[in-house]
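Comments concern the structure below.
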């Protein structure tokens, strides 16, 4: 009973943190909040807590706490979780039912459409509140003699940067694995990645409008060379903004399906430019805007460290089977205490093929039936999978021991429960390389 009460309290606490964090975003653009926040900063800046502590506590703490409490909640949940009745709740089924099926964006549920519309409404509200407040009290730019329309356009361009910032603040949450808050909604990592893609596309669009419009005003007023190289002690560092924009655009282009599917290595290594992107953003926007980005960066860094620690140990293959369709079944040893649900997947690294590349594969064995082994299959179509096939084939021909091939595993990841058994009928679709 005490554990059930603990779960209930954790749910209430998570709900309060989420509501509080969303409320902060909504009231942030209002004049009342701006005035009240400045007074709060003036009051606390000379205390031990200080300006930085106040900003971290108000803007950065709620989502970090929400993720940590969610992790505790999920670790306690399996012992007391019971699958819903067959047929499920009518309301939940209706909201999760596919509303759009399109080859470009995939399958989108009613819940996702509602969430996207609410986010777009929030962006529209933020933009409207900021721009109307700016246009009421236009202040000329000291270093440039701008006409009225140029000044208005310059202010509007500046506010597009806030929309890019809003997308950036949420960008890293969908790609968290161990610390993902989407697991609380029974959304797997493979499904939440597309939210990262949507947010990244929005970020690049708003950043292009923001940066392109600013450069346009500088160009027509003949101040581009003077402004772009300005490195101010306070205010914006514009060259850092240019670096951030170019880096983000490069990552976005190489992540397009046409490039990512054919040249995965290009996509994979280019995406590591996110470090340069974030550092450049910090210099460009300043700490006042970076506090909203801190939660995603902190959780992503912590999640990355935990994954590195988990995947440091190496396993040796127990067996490998070459199939006629140029596919391989690989079998690894498993701790009997490791349990996972159907449809779970792992990330696999084979140092003999590539020390840095990790690829996801669905687990084809059951942790209930196969207590000491874990198996997965890969279809050989790309450079990496063909290299693995070649190594296994060479070992078979030369009569070498396949156990010499070491494998590093991260995961497994998947749904925390078997809620899908509440349905009378299941339609299963398989695809990809494994």
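Every residue, even glycine, has its Cβ placed from backbone N, Cα and C.
Per TrEMBL, domain 'FAD-binding FR-type' is recorded for 310-419.
The annotation transmembrane segment is assigned in TrEMBL to 7-27 (among others).
Residues or ranges marked as transmembrane segment in TrEMBL: 56-78 (among others).
Taken from TrEMBL, the feature transmembrane segment applies to 99-128 (among others).
The transmembrane segment annotation in TrEMBL covers 156-176 (among others). Long-range contacts of the transmembrane segment (156-176) within its own chain (CB-CB distance under 8 A, at least 6 residues past either end) are made by residues 25, 63, 67, 122-123, 126-127, 130-131, 134, 182, 189, 192-196, 199-200, 202-203, 206-207, 209-210, 213-214, 217, 281, 285, 289, 292-293, 295-297, 299-300, 303.
The transmembrane segment annotation in TrEMBL covers 197-217 (among others).
As annotated by TrEMBL, transmembrane segment applies to 237-254 (among others).
Residues annotated as transmembrane segment in TrEMBL: 266-283 (among others).
Most Cβ pairs under 8 A with the transmembrane segment (237-254) among the ranges 7-27, 56-78, 266-283 are made by 266-283. Distant neighbours of the transmembrane segment (7-27): 33, 58-59, 62-63, 65-66, 69-70, 72-73, 76-77, 80, 122, 125-126, 166, 184; these residues of the same chain sit at least 6 beyond its ends, with a Cβ under 8 Å from one of its Cβ atoms. Across the domain 'FAD-binding FR-type' (310-419), DSSP classifies residues as 20 helix, 40 strand, 50 coil.
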